[in-house]
Amino acid sequence: MTWVLIALLVVPLVGALVVAFLRKDDTKAKLVALAFSLVELVLAVLLWAAYDPDGDRIQLAAGVDWIPAFGVRLSFGIDGIALVMIAVIALLIPLVIGAGWTEKLPAGRSQGGYLSLILIQEAVTVAVFAATDVFLFYVLFEVMLIPMYFLIGGYGGARRQYAAVKFFLYSFLGGLIMLASAIGAYAMASDELGKGTFDWATLVKVVSDADSTTQTWLFLGFFLAFAIKAPLVPFHTWLPDAAAEAPIGVTVIVVGILDKVGTFGMLRYLLPMFPTASKNLAPLVLVLAVAGVLYGSLLATGQRDMKRFLAYVSIAHFGFIALGIFAFTSQAGVGSVSYMLNHSISTGMLILVIGMVIARGGSSLISDYGGMSKVAPLLAGMLLLSGLTTLSLPGTNSFVSEFLVLIGSFPTQPVYTIIATVGMVLAALYVLWLYQRIMTGPLRGDALVGAAAGPGAVGDPEKKTAIGDLSKREIAVLAPLVVIVLALGFYPQPVLDVITPTVGATLTEVGVTDPVSVQEGK
Amino acid sequence: MNLLVAQAQTIEAPEIDYGALAPMLIVLGAACISVLLEALLPKHQRWAVQLVLTLVTLVGATGALILYATSERPEQGVATLAGAIAVDSPSLFLWATLLVLGFGSVLLIADRSVEPGGAFVAQAAIRPGTVQDRAQATKTGMQTEVFPLTLFALGGMMTFVASNDLLTMFIALEVLSLPLYLLCGLARRRRLLSQEAAVKYFLLGAFASAFFLYGVALLYGYAGSVKLSAIATAAAGTDRSDTLLFAGFGLLVVGLLFKAAVGPFHAWTPDVYQGAPTPVTAFMAACTKVAAFGGILRVLTVAFENTQWEWRGVLYGVAVVSMVIGAILGLTQTDVKRMIAYSSVAHAGFLLIGTIALTPEGTNPGVSATMFYLLAYGFTTIAAFGIVSLVRNSDGEATHLSQWAGLAKRSPIVAGTFTFLLLALAGIPLTSGFIGKFVVFSAAIDAGLTPLVVIALVASAVAAFFYLRVIVLMYFSDPAPDGPTVTVPGAFTTIAITLGAVVTLVLGLWPTFVLDWAGTGTFLS
């Protein structure tokens with residue numbers, strides 16, 4: 001079944017190439033891109049079926065030599081975490097294409113170019129999660145920036161140039177520092193084995209035995225890259241700009257998918273390769289994580305722009321994920337990984353719904369809206385549902401993961417966990433307040449009533465306005481997400497089954513004993 | 001009298017390994033023939049004949065090089081011409097690099113379709129702004145002296161990287177420099193800038209040569225010989241004054257660093273890069289860098305390896321200064337040629353890291369890494385300057401960055417290629433620039449220079465900003481209404497740009513072949 005993984009890497013690239021030739025015909029480009037992304041989704045389902053949760057640490061592995069001089073191989077394979085992330089990419093991309101079906105691109109830009117970049121982004125991101133060679137991972141980590149740079153810079157809002165360059169430079173710098181650490185690990189491997197290699201499994205064996213000073217330095221190199229990517233406070237400032245300036249579909253990809261590379265990297269590279277340093281430096285990461293929860297929540301509450309709001313919500317959620325990873329218990333670890341998946345789904349849905357609001361009002365300022373549920377009740381319902389899953393209401397998917405993170409972190413890190421719990425309260429505040437301002441009350445706001453009506457003017461919901469409710473296409477985009485949100489909220493077991501063994505293996509590599517299992521033994 | 005005769009008889013002609021020297025001799029010989037052709041041929045035939053001669057020479061020299069490199073030769077290399085020239089594996093690699101980069105540059109120099117009559121003026125000595133100058137500006141005539149000058153410069157560079165003693169090195173330095181001074185002053189447009197560049201380069205270059213020569217003299221005083229190996233032997237264990245050694249080393253290295261455009265000895269670089277005709281800038285940026293760093297590598301590894309702990313700290317500092325100057329001043333540039341000039345200063349800093357990456361055991365993983373970097377950088381730079389020569393308005397090349405706004409809308413292929421080359425200069429993976437940085441940095445980490453590597457990585461990230469800025473301008477800005485047009489390049493420029501871009505891509509994807517070749521042997525000591 002190795003071919004499935006290879007096909008997952010190749011299909012979007014072929015799609016990108018085909019779509020790139022359809023720059024003249026927007027409709028055809030959209031249809032072809034959607035078809036390719038659906039093929040990718042089918043392949044992802046096959047991949048899920050082929051993965052054996054109780055099998056090897058890395059499955060469906062395949063590889064060929066690339067640069068033998070440094071022992072670099074083009075090698076791919078997946079574990080449970082990578083599988084979940086690849087699946088969620090494959091799920092979100094068709095929805096992004098569907099949601100952006102009628103979106104107007106800036107003058108002179110074609111759907112062909114836009115969708116081609118989206119498909120390239122999909123292929124490279126899948127490859128980042130599937131890479132099992134550290135050099136290859138670095139290469140893809142940097143290459144991943146290029147299509148995104150053109151997506152933000154070419155199709156974004158007014159300050160798109162600034163946002164694109166900022167995004168690129170932040171990630172590029174982080175990546176370069178990571179490269180220094182990767183070379184350091186490589187140098188250790190060549191000293192120890194007599195022959196250099198970048199193979200992940202080999203490096204884990206070699207580097208995890210290093211003394212704690214070496215580990216600390218190498219850890220910091222990788223950590224900086226992942227902390228920028230994730231993003232953890234204070235390395236987060238690129239995200240609000242990128243999220244605000246990118247077109248809404250690209251915001252879904254940045255916030256919903258690309259960020260996960262950071263937390264994925266922590267689980268796949270930081271913990272197994274540098275177990276001693278991970279344990280020593282855990283307090284540092286935990287402080288940043290909890291700071292992120294509080295800072296993100298507070299700033300999300302205070303945002304006036306919906307897209308920046310989304311970015312800060314994400315920063316808060318990444319605090320929870322990092323907390324779960326560095327609490328070193330299997331419950332918290334499983335919680336974090338499922339949070340990575342559920343964050344993609346819930347936040348992805350929230351972004352798409354907010355995108356639909358913005359598509360109607362033409363403005364991303366919260367103050368331009370009010371009482372929208374009068375004219376678009378279905379849309380209001382969707383915003384409420386996506387908001388509730390974002391604030392982790394029981395019965396939705398995010399609740400399971402947030403609960404697991406908190407209950408799993410408490411035995412080892414009670415103080416940080418208690419502080420992070422405040423974030424849950426703030427989440428209710430910022431989500432419900434956003435909903436209240438946009439949807440409830442009398443119909444008002446420049447975007448809905450029109451600026452001509454004057455400040456404070458109240459519209460009449462009975463009068464026909466241009467603001468309509470959800471179209472069939474929008475319902476089709478949101479329906480799968482609603483199903484998944486509720487299904488995973490009530491029955492998360494299939495996902496947890498896939499990730500639990502991998503998280504267990506990761507924690508074994510770190511060498512921590514699980515306090516939870518001790519309690520179960522009582 | 002009898003004594004004199006007897007002495008004269010004991011002097012034997014040195015043995016000459018013609019097979020090993022063939023590439024160098026072919027280039028220098030062809031340069032001499034080229035001068036004769038210039039004198040004897042009628043004017044209308046010169047361009048074609050000179051071009052064919054130059055290209056055939058370069059191909060022939062490369063052929064001779066391949067023949068020699070694949071034949072049975074001593075593994076550690078041979079010293080020939082009484083030990084003045086060392087033909088070892090690094091020499092052969094650097095020669096091959098110089099020849100292929102020279103080939104690319106000659107293609108750019110030969111192009112006459114982009115600028116009617118070529119990028120060179122017939123009479124460089126006419127004062128700008130005079131009646132003769134205006135008359136000359138309307139003509140499309142071109143002196144074909146650029147070809148012999150280029151060949152002489154190339155021959156000098158090849159001698160320079162293979163010199164086994166400092167006096168030969170000095171002569172080679174002059175042979176490569178003098179034609180370059182002249183070439184800088186030949187630009188058809190913006191005569192004043194071009195003449196200024198030539199004078200500046202000449203004056204500063206003369207100073208640098210004097211430094212070099214002074215250093216040679218002091219080292220001779222120290223070691224009693226100008227041979228690199230003799231200096232190494234002398235430095236290994238004597239009670240002679242270290243002052244002479246290190247004063248001589250310092251002066252010598254200043255001369256070399258000047259040629260390599262390493263900061264803080266880079267002050268000429270932006271002006272000369274900007275003023276010189278773009279094909280010549282490409283030639284200088286690619287080939288002079290190879291020659292200068294080839295020379296630095298040989299001098300440091302062969303003559304001064306024993307004393308590395310004394311000088312490494314100094315060059316460490318120079319590398320930092322060069323990277324910082326290149327990266328930070330590059331941010332403020334508004335002219336694309338000056339921007340690439342500062343980028344070359346930053347790259348010189350990266351290259352210097354490779355040259356000082358000697359391990360305590362005396363092996364130098366940095367040698368092969370630096371040579372690979374030079375080859376990769378050379379091709380990228382030639383292609384980049386090739387593209388700079390295409391973007392023009394009525395005054396010639398439009399090098400001001402604001403004129404590049406929105407270029408991607410009008411010329412997607414040119415903008416796309418230039419973007420790729422800029423990403424290579426920034427060191428993004430899947431380009432040769434990344435592999436070059438990677439090999440240099442891993443050599444440096446092997447040699448215990450990790451802090452320097454971290455500084456270099458930060459400098460790379462800073463430098464990435466100004467490359468990105470050009471990409472932003474080309475793709476995300478609206479074109480100016482009276483913006484420049486992109487000239488459809490002639491065959492020569494097209495080949496040169498394609499060659500550069502393809503090599504940049506291929507070395508980024510499959511660098512193994514070249515890496516293996518660069519790592520085959522060490523300097524003859």
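Backbone N, Cα and C atoms are what each Cβ position is placed from, and that goes for glycine too.
Quick look at what TrEMBL annotates:
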- A:6-22: transmembrane segment (TRANSMEM)
- A:31-51: transmembrane segment (TRANSMEM)
- A:80-101: transmembrane segment (TRANSMEM)
- A:113-131: transmembrane segment (TRANSMEM)
- A:131-425: domain 'NADH:quinone oxidoreductase/Mrp antiporter transmembrane' (DOMAIN)
- A:217-239: transmembrane segment (TRANSMEM)
- A:246-269: transmembrane segment (TRANSMEM)
- A:281-302: transmembrane segment (TRANSMEM)
- A:309-328: transmembrane segment (TRANSMEM)
- A:340-363: transmembrane segment (TRANSMEM)
- A:375-395: transmembrane segment (TRANSMEM)
- A:415-435: transmembrane segment (TRANSMEM)
- A:475-492: transmembrane segment (TRANSMEM)
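If you count C-beta pairs under 8 angstroms between the transmembrane segment (A:31-51) and each of A:6-22, A:80-101, A:246-269, A:375-395, A:475-492, the highest count goes to A:80-101. Note on the transmembrane segment (A:281-302): residues 216, 219-220, 223, 227, 232-234, 236, 309, 312-323, 325-328, 413, 416, 419-420, 422-423, 426-427, 429-430, 433 of its chain, located 6 or more positions outside it, place their CB under 8 angstroms from a CB of the stretch. By number of Cβ pairs under 8 Å, the transmembrane segment (A:340-363) is matched best by A:375-395 from the list A:80-101, A:217-239, A:309-328, A:375-395. Counting Cβ pairs closer than 8 Å to the transmembrane segment (A:80-101), the top stretch among A:217-239, A:246-269, A:375-395, A:415-435 is A:246-269. Using a Cβ-Cβ cut-off under 8 Å and counting only residues 6 or more beyond its ends in the same chain, the transmembrane segment (A:475-492) has close neighbours at 91, 95, 98-99, 338, 342, 345-346, 348-349, 352-353, 378, 382, 385-386, 389, 394-401. Sequence-distant contacts of the transmembrane segment (A:375-395) (same chain, at least 6 residues past either end, Cβ-Cβ under 8 Å): 313, 342, 345-347, 349-350, 352-354, 356-357, 360, 401-403, 424, 427-428, 431-432, 434-435, 438-439, 443, 448, 461, 465, 467-470, 475, 478, 481-482, 485-486, 489-490.
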